[in-house]
Structures are given as structure tokens and as C-alpha cells.
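Since the structure comes first, as C-alpha cells, the remarks are kept for the end.
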Amino acid sequence: MVNLNIRHELKLLSRNFWFVSLSLVLVLLCLYAGHNGLKHYERRTADQQEALAAQQAKEQLIKEVALTLSKGEEHPNAYRLSPMNLAISTGRLGTMPATQMSKLAIGQSDLYTHQLKIALNEDLATLSFNELNNPVQLLFGNFDLAFVLTYLVPLIIIAFTYNLRTRELESGRLKLLASNPIKINLWLLQRFIIRYFFLLLILTAILLATVLIARTGFSMQLLVFFLLTYAYLAFWFAISYLANLLGRSSARNAVSMLSLWILLVLVVPTVINQAANTVYPMPSRVKLLNEIRQTKKELSKEQNKVLDEYLRNHPELISNKGENAYGYWQGYFASQELTEKRLAPLIERFDAQLAKQQRWVNAWGILSPAVMFHDGATRLAGTSSAHYEQFKDYVRSFSLNWRAHFMPFVFKNEMLGLQELDNLPEFQFRSRSRTAGVFMNISVLLVFSALTVIWGLALEGKRQLI
Amino acid sequence: MLHAVNLTKKYQEHLALDDLNLSIEPGDIYCLLGANGAGKSTTINLFLNFIAPTSGKAVIDKFEVTENPQATRKLIAYIPENLVLYNELSGLENLEYFVGLAGMKYHQEQLVGFLKEAGLQVEAYKKRVKAYSKGMRQKVGVAMAIAKRAKVLLLDEPTSGLDPKASNEFSELLLRLSKQNVATLMATHDLFRAKETGTNIGIMKSGKLVEQLSTEEINHSDLEKLYLNHMSN
Ligand SMILES: Nc1ncnc2c1ncn2[C@@H]1O[C@H](COP(=O)(O)OP(=O)(O)O)[C@@H](O)[C@H]1O
Ligand SMILES: [Mg+2]
């Protein structure tokens, strides 16, 4: 029966005007989405290149100054080698490079920064929170391939399967079919599986074309992205199969499938998103900023005490030039560290709430296949909220490093030489691939699909199918 | 070949079929007459196992249909009043698909042979069914029965809405199949054809089989009188 049904479906689909034209529309949509992703990637990369080039030019200039000085000559810009200048106005540029896969799933990258200057005077507390705090990735946003797959492909699946049984029922053909020695739910399952593989083949071809247009190259992530897509398709086919077995009319099936689409793709993600904020509300940012300002003000009143305490904690920084060796900046950094120490519990509460929100979203995201798919896609693309979180963490720890590296120079008021310039910490962020986590998403989608199909098969004999 | 034994179907409190007993042997063409709602389709659907009996048994060739629906459906060919095929496919392609579902494989020439045997005009074989008349579609149905080598024909008002010529052709096909020992159960409103083609006649009323006779026992006008008599009281 399989061969027979394959030939049958091929004939029916290829002679179906709507199927052929919608497939063509899908081709155009995907290619356009791929093109969009490529443009987005190029823009982001060009921005970063430009910023990095400017930064390098600055550093080159400083090197030249150092070179001149090392020869014992004078240089009008000698001040550039002061620790304050190097650590604050030159600083370091932290970048989060776009991955090849980000062309396919841009995610919410518009809302996040991918590059920022790391300087000694930045407050770690504010640095961490000027990013979007919400761990849920909105599913919509950029018109990329992930968008087309998350939103539009389920609609196409619904359009081509919602009445596969009910149409036969309504036309009266189902009786003619069922007068043969076949089991209707198995026969229907076969038609669904055939259509599934048919769409899978078409979509694979389209995806490959898109990948070529976007020039992502081939990688393990791409392969997993394909698998994830197949699992997502399977879910929608399975749901439609069940709706066909349960439903008595095509019109009602269409309505229930579209309602389900609205529920799973639009409503559930939004509700999970909102609920995360309600259940684990973020402490007020304004309050945090106020606290920081307040604490700094208090500390500035007792500069000497602050500096004393700081030096007690960092005896290695004590200068042999005595008390007079310390000026404004030494006091500034001492109070910066103390402020952070005092506000640590508050900052930790932010982090903890954020982590809780993230866990909540991860747990409840299972309720929406669209979330499962989109989350998986952005993980593979390095544009998931987890990646931005990781970038933020890296920036934070790098800032600490940067600070620790410069403090001895600041406190000893020493200029840096050629050799010290070469030993400055380098910012090297590479997103870790999260392919492993995506297999969880794939499994969830497949388990849901399998359970749905089993439910449908179990209806044999329990429900009037003819 | 076909046996109904105390076959009863109730929808809630409504008796759609009340204690039906009948036997149809190979070569018989048994015509079920009766007003709309008499229970003719219910009888046929019970033999197809599309619905489950409330009590009693429907037996085809020693298999009880509820216990062995797949085995019995291998023996059956079913032609409803309105035979709906796949409009996007040709008659030949439709035949190939439905016969394939029955588990039979034929070469293209053999399939063409069946269509020819069913009397479909040659030009129509490869045309899409969308352009077929009702009579042409019924012929594809007959071709399915032939190809399936059905031993039992279940026909639910197959000639309703056919023009007299098409109806006549259909009757001739039935007679030919009957000679090949096919047992036929046909629900119909056409008294004239029932008498002409059938071997036996049963008259149903409100779910009950109220009269059974052989077509040889009775002439046209008596059959009509008998039928109207049953319908009026
Ligand atoms: N699915 C059903 N639910 C309830 N009543 C039904 C159903 N199918 C048929 N009936 C009733 O059973 C009776 C017999 O119907 P049917 O066998 O279709 O008559 P006919 O002789 O016209 O083919 C009718 O009264 C009809 O209303
Ligand atoms: Mg009827």
C-alpha cells in the first residue's frame, strides 16, 4: 500500500494548483529570508570591523609613542602611556562576533549590544543591566529563516492536511475507500507520513538553496538545524492527523487547527513571557541606580577611610612613596570596589531573579512547539538569550581582569612601557555552541508528535471513522 | 454467501433495522425495495461493517463481518448512489488506486480491459474524472468490482439519477456478474429494473423486511400493487 499511496499523493499534490503555487511562495519567502539574514550578518560584522579598526588605530598610535620613548627620545604624546589613559580612554573593545548560523536565525540581536568598550571607570553593576533583562526571546522580529519556519510553515502544513480525512468523509469517498480491506487510521497515517516526507524533501531543497544564498557553509550546527526543523514539521503533521481523526467536518478542522496555531505560536509564548515577569519580578532598576549613587555619595564623604580599607585589602598596592602618592583616581577606584562590595547582595538578587526567569521559561517553553523550535534555532545560531547572558558574563569577568591588571600601575603611578603594552589582557569572546541542548528540544518535539500519533492510532474501533 | 441473522440496528431508541433475516446465494441479485428511511442503507452498511449491529450477525462467506472486517471487505465491491472518485485523476488512475487498496496489482493493459468490460468508452480512460458523467463514474465502480474479483456486490441505489440507457447498461453489467456467480444485494427504488434484473425481491418498511419473493413468482403490475399496498398501511 505504501508505494501505491506514494504515487497517489504525488499525483494529487502535483496536480493541486494551490500546493504548487504555495510551494513556490515558500521558495521565495525562504530565499528572501536567507538574503535578509545575510545582510543582517554583514551589517553587524561590518560595524564590528569598523569599531575594531578604529580601536587598533588607537593602539597602534600608542605603540609608536612607546617605541619612541623606548629609544630614549621625547614624545609630545607621552601621556598616552599613563595607566589612566590606557585603561580608561583607550580601554578595550569587547565584541561578540556573529556566527555563520546567525544568518538563519537572527533572533533578537537588534535588542542586544554585540560590542562595548571596556574601561576601568565603568560600573560593573550598571554594565550588567543596561541590557534587556527578559530571558524570553520574542519569536517575531526579524524576517529570517527561523521566522518563516516557526510561523509560516505550520500554516502551510495545516493548509495541506487539515481535511485529509474529513474531505473524504464529506464527499462520501471515505466509504468507497473503506469498502476495501484497509484500516482507515493506518491508511490516513500513511498519507500523512508521505506528505510529511514530501514536504521535508521540498523544504530540504529550499533550505539548501537558502544556505547557499546566505553562504553559511556546512557545519554540525546546520545539520542539527535541519533535524530540528524536521521535528517541528513532524509535530504539526501529527497534530493535524489527530484533528482529522477527531473532527467531523473540514470547516471545524480548519478552525481548530488555526486556533491551535494561534494558541501554540502566539498565545503560549507570550503568556510564558509575561508570567515569568509576574512570578519572578525584577527588582527596580531605578532603585539600584539610586542605591549606587547614594552609596558613592556616602563613601565620598569618607575618602580617607575608604582608601585605608581598600589598601588593607590590597596590601600589594601600597606605594612606597607614602600617603601623598594617592590622588583622585586611587580614591575613585577604592570607592568603586567598595560600592560594588556593598551592593553585591542587590546585584545578586538581579542575577538570581534573571536565572529564575530563565529556568521558568525553559521549563514552560515545552508547552509551545514554536518556542522549542525557535529556542533551538537561536541556540544553534549563537543568538539565544543564553548566548547574550554568556557574553555579559564574559564582559564582567574581563572587566575585573582589566581592572586587576591596571591597579598596580594606577597605585604606583607608573607609565607603561613597550613590553607592558604587549602583556595587556586580550578580549577573546567566542560563543560556545549549544548543539547538545538542542537535542533536548528535538526530543521534546518528537515525543509530542509520537504521543499524538499513538493517540490517533488508539482511536481505531473506539470512534466512528467512516 | 450473504446472510443476515436476526440483524438489528438501533439508534438510541429508534429501530433502524429490526430483526432482519435473509440469505443471498452466489448468482442471486437480491433487490431491496422500500421508502426512504426503511433501513436499506443500514442493512448494506452493516454488511460493510461501517456500523456495528446492536444485535444479530451479518455473515459473508462464513466470516462474521464484525470479527473479520478485513477478510470480508476483500470479497466485497461497494457502489453507492453517488460514486465519488478523485477528480484530479483519470478513470484509469482511479481504478488503479482503489484496486490497489484492495491489494490487487494489474498491468495497465489489464486495467484498461476492466474499464472496457465495464463499458466505459475508450476516450474517457485517460480523461480526468472531473469531466465524467454519473453513469461513467458508476462504470468505473463496476470495473473496480470486476478487477477486485468481488464475490459480493453491495449496491446502494446505484441507478438513481441515471438516464434509462445508462440504467439499462448497468443492469446488463449486473446480469453478467451474476452469471459469474457474484452475489448481489441492491437497494433500489426502481421496481421495473428490480423485476427485470433481480432474482429476488425484499420489501422493507420501517426497518422490517415485510415481504420476500422471487421475481419469477410475480409480474410487474402485481409487484407494483404489492409494493404500494405495503407502503400505504
Ligand atoms: N447515524 C444515524 N443516526 C441516527 N439515525 C440514523 C442514522 N442513520 C440512519 N438513521 C435512521 O435509520 C433509519 C434507516 O435509514 P436508512 O437505512 O438510511 O434508510 P434507507 O432505506 O433510506 O436507506 C432512518 O429512519 C434513519 O433516520
Ligand atoms: Mg439509503
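Just so you know, glycine gets a Cβ as well, placed from its N, Cα and C.
Feature annotations, courtesy of TrEMBL:
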- A:12-34: transmembrane segment (TRANSMEM)
- A:145-164: transmembrane segment (TRANSMEM)
- A:193-214: transmembrane segment (TRANSMEM)
- A:220-242: transmembrane segment (TRANSMEM)
- A:254-272: transmembrane segment (TRANSMEM)
- A:438-459: transmembrane segment (TRANSMEM)
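Counting Cβ pairs closer than 8 Å and at least 6 residues apart in sequence, the transmembrane segment (A:254-272) and the transmembrane segment (A:12-34) reach fewer than three and form no contact. Under 8 Å from some Cβ of the transmembrane segment (A:12-34) lie the Cβ atoms of residues 103-104, 143-145, 147-148, 152-153, 156, 159-160, 195, 198, 202-203, 206-207, 209-211, 213-214, all in the same chain and six or more residues away from its ends.
Within the same chain, residues 99, 101, 104, 149-150, 153-154, 157-158, 161-162, 164, 188-189, 192-193, 195-196, 199-200, 203-204, 207, 211, 257, 260, 369, 372-373, 376-377, 380-381, 433, 435, 438-439, 441-442, 445-446, 448-450, 452-453, 455-456 sit at least 6 positions outside the transmembrane segment (A:220-242) and bring their C-beta atoms closer than 8 Å to a C-beta of that stretch.
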